[in-house]
Amino acid sequence: MPAVTTVSVCLILLLIGGQASSLPTTTRLPVRISRSSEQGGHSGTSVDTDGDATIDYDDENIKYIRGQVLRAVTKTPAHPFLVLTNKTSGLVYEGYLKDVLSSLARILKFEYEIYESPDGKYGVPDHKGVWNGMVGEVAYGRANLTLAPLTISSLREKVVDFTKPYLHVGTDMMMKTPSEDVDIFSFLMPFEPILWLTILGAVMGIALLLYLTAKARTMVGAGDKSWDNDSAFTSYNSIWFAVWSVLRKGGEPAPRSIPARILAAGLWLFALIVVSTYTANLSAFLTVKRLESHINSIDSLVHHAKVKFGVPRDTFLYSFFESYKDDTGNVYKEAWDRMEADDSYYRNFADGVGKTKRGDYVMLAETPFLEYAVLNDEKCELMLVGAPFMFQGYGLATRRGDPLRKALSIGILRLQETGALSAIKQRWWPEDKCPLYGGLSAVRGRSRITITTFLGVFFILAGMASLALVVTLVQVLFAKSPCGKRRYKKREQSQAVLQSSSSLSDSKTSPPQFDAAIADGD
């Protein structure tokens, strides 16, 4: 009997050894293991959601996970998903995924421990189909799940199972905020140059019409000479009147004749609209505006010869662009060729941010990473450009056929329904830091006021100028007609009589003047 037992044990050991030897081997590096029971394991970071009130603990999948200690493999640093932080108690994990896992552990009643991937990679297969990184750790049974921003892809789905996505992301582009050239004439920016020239021409045109109408009326003697001041509107005074009207400052001479007042009314209305519009738009130009960038899509980036761009190797993004290397006429094919020719890949996230800050480089990565980098940049010198493309999801990977996937998916959906995932995301991506898209600019980015905006005002001004010309023409023609001459002659005679009467009354009321000699008795 003992001999049989010994043989059985030997056979079992040989069998286990054979299975273990069939698994791909990786170089084991020292790893940091963090347990949920350690200080900082939960650390009060899980979001309280009442999620456990609706979890069906009689479900077979929930029963399977309850009470287990799960091994989660990760790769750090991955700001803000998971990072190692030095606390008084030692190194502990913190980040968005740590909060998510703590919340899942609370509502699903399991424990966990986190360790680093030995090779520090996410996971890609080699030429023999052997997977490395976190995917390999899970696929070959060394870990229960991944805890990292791991993209759900069809290639990875062949060797592992993914939970429901806990975060939907796209691919974005990040560049250094372009510096602005100081423009001492920025106050002219609200209007287009052609509009400025048109306004100047309109003002000078009104001044010319004011001078010509006054000159014509003076030459033929039209109007009431005792009241009208046409003679005061010389060329100099006419220009001065137009200038102070636009600047909305009082001045002399003031118009008295009907044509002059019509022109003045039109000019004042024109000046009111122009100045009000300019003031409002100048305020807008000097407040919130976004910086302009010549790069607004992956297509414009590829065709921008002076700017390099890149992705990290051995990642989903790298594999995505590589899959187009044999295509023709595709923008992703052109992007792959550019990155290969320039060798513009970055080693890790910190390297990519460093290249971006040095300028003339655009970093391609998933939106959450880039958003975090922009929001937390000390000098706020980074910005996102263009719109995200190639949308996908992040999920937790488990072994193929493991009931763990179903239980974790139920927990993730419950966290979504209660708003816990949104609350955790808001905590790690606050919106009150650096602006994502370049923030404030001096005077760029806003549409200028074009001449078409002022067409109605110019039409009104032209109409009133035409009316003034018509009135002047009528008065000049009337002054030259026999009837007009008789009327103006009678008016002149009446004015002469009034002036003589005024002179006599003044002489009667004035005190007598005596000769000094008579007064002295000579």
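Backbone N, Cα and C atoms are what each Cβ position is placed from, and that goes for glycine too.
Unlike curated entries, TrEMBL annotations are predicted automatically.
Of the cysteines Cys434, Cys483, only one is given by TrEMBL as the disulfide partner of Cys380: Cys434.
Long-range Cβ contacts of the transmembrane segment (454-479) within its own chain (Cβ-Cβ under 8 Å, at least 6 residues beyond either end) map to 195, 198-199, 202, 205-206, 209, 213, 216-217, 220-223, 258-260, 262-263, 265-267, 269-270, 273-274, 277, 485, 488. Just so you know, the Cβ of Cys380 (disulfide bond) picks up 16 other Cβ atoms within 10 Å once every protein chain is counted. Of all Cβ atoms in the protein chains displayed, 18 besides its own lie within 10 Å of the Cβ of Cys434 (disulfide bond).
Geometry remark: Cys434 (disulfide bond) versus Ile295 (site 'Crucial to convey clamshell closure to channel opening'), CA distance 20 Å. When the alpha carbons of Cys380 (disulfide bond) and Ile295 (site 'Crucial to convey clamshell closure to channel opening') are compared, the span between them is 19 angstrom.
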